[in-house]
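**Q** Under the heading sn-glycerol 3-phosphate binding site, TrEMBL lists THR13, ARG83, GLU84, TYR135, ASP245. The ATP binding site annotation in TrEMBL covers THR13, THR14, SER15, THR267, GLY310, GLN314, GLY411. For THR13, ARG17, THR267, GLY310, GLY411, ASN415, the entry in TrEMBL reads ADP binding site. Residues or ranges marked as glycerol binding site by TrEMBL: ARG83, GLU84, TYR135, ASP245, GLN246. TrEMBL lists 5-252 with the feature domain 'Carbohydrate kinase FGGY N-terminal'. Taken from TrEMBL, the feature domain 'Carbohydrate kinase FGGY C-terminal' applies to 262-450.
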Amino acid sequence: MEKKYILALDQGTTSSRAIIFDHDGNIVSTSQKEFTQIYPKPGWVEHDPMEIWGTQSGVAREVLERAGISPFEIAAIGITNQRETTVVWDKNTGKPIYNAIVWQCRRTANICDELKARGLEEYIRENTGLVVDAYFSGTKVKWILDNVEGAREKAEKGELLFGNIDTWLIWNLTRGKVHVTDYSNASRTMLFNIKELKWDEKILSELDIPAAMLPEVKPSSYVYGHTDQATFGGAMIPIAGAAGDQQAALFGQGCFLPGMAKNTYGTGCFMLMNTGEKMVPSKNGLLTTLAWGVDGKVEYALEGSIFIAGAVVQWLRDELKIIRDAEDTEYMATKVKDNNGVYLVPAFVGLGAPYWDMYARGTIVGLTRGAKAEHIIRAALESIAYQTRDVLEAMQEDSGIALQTLKVDGGAVANNFLMQFQADILGVEVDRPKVIETTALGAAFLAGLAVGFWKDKKEIAAKWSVDRTFKPQMDEADKEKLYKGWKRAVERALKWEQE
Ligand SMILES: Nc1ncnc2c1ncn2[C@@H]1O[C@H](COP(=O)(O)OP(=O)(O)O)[C@@H](O)[C@H]1O
Ligand SMILES: O=P(O)(O)OC[C@H](O)CO
């Protein structure tokens, strides 16, 4: 059968998605399923790895059936995933020994404090590009080994494996034959030396993590293995691309040259700027990270990670219950003429870039008797745009590049109010592309390149096109007044948990 399509598996924080792309990079069919978020204690977040595999393999089969496409028509599978989320499983049974500890989970804040007290911050920053924070996988692996009965002995005997979600999916797709990750995912573990491109022995020893648990690190565009015959009715499809979702989005947006940047508005919000083969250290609270390994070399990126973006909208819907659907926020926010002095800082799991405060917590300030639900909804959307400005300022400082336009993608960019407010508060044009599923598209591109479905990056870059450009319209003085209010609100949220 002619291989006409690429199947992208996009395993996100709140849902598993499967998307089929054709040769023009157009979406042919999509299937999506939300899965359970587990909050065992305040600040703790877990997922069930079996539910992740179940929903992900389920949507992969469903998308093919729905589109009437045979698995034998799929040239390759590309994987992209929520990053940092940590799974440890038994090599022999293939069963996880604990729930996946999600990137947002704060349970290892004290392990991070210990690392800082032992003076390791500088070493970690220099060699992994990361700040010491509970966000990354390293301390999560240590927590599982320290807290699950018998885990450490088993790990030392070589009976346990660690993986992020890419690794977990590839292991299951190949029925336990392949234990790998790619450079972009490895760079989020806080265990990988991004200068030497190998697992860092010093950090492994400081965290007491046996090297035998770790996956082999491969390029992001590479045939890792083939799907087991049972999963797709006998088809052995090459698994030919893998990248963390934010790096995949950078690739899908065609940001192939140094200085090109994108911002993805999903559960969190992540701005990445390509810095090419140069590792740019941050002085302003950003991360230095591996963008991908493609064409026989690795390239780097600067990243501003915002933990809560679209998730604040889910909170309005699921906890406050003041909206029914995420898309209602656009209409509700425009029912009022401004924020009426209300600011919401969604530090539900601490604050990421550029503050890096594991102990910050959410707050709403500026309430008066006239504050309505609409003001809170508006403040929630505005908080996404303010956090993006915090990160953009740091990015411009670190890179020495003043951005003229920002490419955006992710679920929340459907919100026109948010996009206009974003352009206004940044004073920069915001470009929303026709395909906003850029994460999945990036994974498809990486896989397609590895099997020759697409020739090179030039062919891919030509497929990007803009849907709408939002131009800044706000008066300069209004813009700065609003942003100043945000900075004051953030002050109130910092270090709350410790006090
Ligand atoms: N119209 C909208 N306005 C604001 N937020 C939205 C809108 N549509 C979706 N979202 C938010 O976007 C997020 C979903 O985006 P998605 O890219 O699928 O995220 P993820 O990959 O992190 O699961 C959700 O948090 C949701 O609340
Ligand atoms: O699931 P998303 O799209 O919010 O992405 C999560 C990030 O990869 C976390 O680092």
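Backbone N, Cα and C atoms are what each Cβ position is placed from, and that goes for glycine too.
Keep in mind it's a predicted model, so treat the numbers as computed, not measured.
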**Q** Within a 10 Å radius around the Cβ, which one of these binding-site residues has the most neighbouring Cβ atoms: THR13, THR14, SER15, THR267, GLN314?
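**A** Selected residue: THR267.
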**Q** Show which residues of the chain containing GLY310 (ATP binding site), separated from it by at least 6 in sequence, have their CB under 8 Å from its CB.
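**A** Residues satisfying the criterion: TYR265, GLY266, THR267, GLY268, CYS269, ALA326, ILE384, GLY410, GLY411, ALA412.
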**Q** What is the biggest Cα to Cα gap, in Å, among THR13, THR14, SER15, THR267, GLY310, GLN314, GLY411, the residues listed as binding ATP?
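**A** This binding site's residues have a maximal Cα-Cα distance of 13 Å.
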**Q** Count the Cβ atoms, other than its own, that fall within 10 Å of the Cβ of GLU84 (sn-glycerol 3-phosphate binding site), considering every protein chain shown.
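**A** Around the Cβ of GLU84 (sn-glycerol 3-phosphate binding site), 26 other Cβ atoms lie within 10 Å.
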**Q** Using a 10 Å radius around its CB, how many other CB atoms surround ASN415 (ADP binding site)?
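**A** Counting Cβ neighbours of ASN415 (ADP binding site) within 10 Å gives 21.
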**Q** I want to check the contact list for GLN246 (glycerol binding site): same chain, sequence separation of six or more, C-beta distance under 8 angstroms. What comes out?
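**A** Sequence-distant Cβ neighbours: ARG83, THR264, PHE270, LEU272, GLU303, THR439.
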**Q** So if I take the binding-site residues (SER15, ARG17, GLU84, TYR135, GLN246, GLY310) and measure from each Cβ to the nearest atom of ligand 1, which come out below 6 Å?
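**A** Cβ under 6 Å from ligand 1: SER15, GLY310.
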**Q** Counting distance between Cα atoms, which of the binding-site residues THR14, SER15, ASN415 is nearest TYR135 (sn-glycerol 3-phosphate binding site)?
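**A** Of the binding-site residues THR14, SER15, ASN415, THR14 has its Cα closest to that of TYR135 (sn-glycerol 3-phosphate binding site).
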**Q** With Cβ-Cβ distance below 8 Å and at least 6 positions apart along the chain, what are the contacts of ASP245 (sn-glycerol 3-phosphate binding site)? List them in sequence order.
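**A** Correct list: ASP10, GLY12, THR80, ASN81, GLN82, ARG83, THR264, GLY266, THR439.
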**Q** Look at the binding-site residues ARG17, ARG83 and tell me which residue has the greatest number of other C-beta atoms within 10 angstroms of its C-beta.
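**A** Counting Cβ neighbours within 10 Å, the top one is ARG83.
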**Q** Round to a whole number and give the Cα-to-Cα distance in Å for the pair ARG17 (ADP binding site) and GLN314 (ATP binding site).
**A** 18
**Q** Between GLU84 (sn-glycerol 3-phosphate binding site) and THR14 (ATP binding site), what C-alpha distance do you get in Å?
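**A** With distance taken Cα to Cα, THR14 (ATP binding site) is 14 Å from GLU84 (sn-glycerol 3-phosphate binding site).
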**Q** Using only C-alpha positions, which one of THR13, THR14, SER15, GLN314 is spatially nearest ASN415 (ADP binding site)? These are the binding-site residues in the record.
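**A** Given the candidates THR13, THR14, SER15, GLN314, the nearest one is GLN314.
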**Q** Applying the rule Cβ within 8 Å of the centroid of the Cβ atoms of THR13, THR14, SER15, THR267, GLY310, GLN314, GLY411, what extra residues of the same chain belong around the ATP site?
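**A** After dropping the recorded site residues, what remains is GLY12, GLY266, ALA311.
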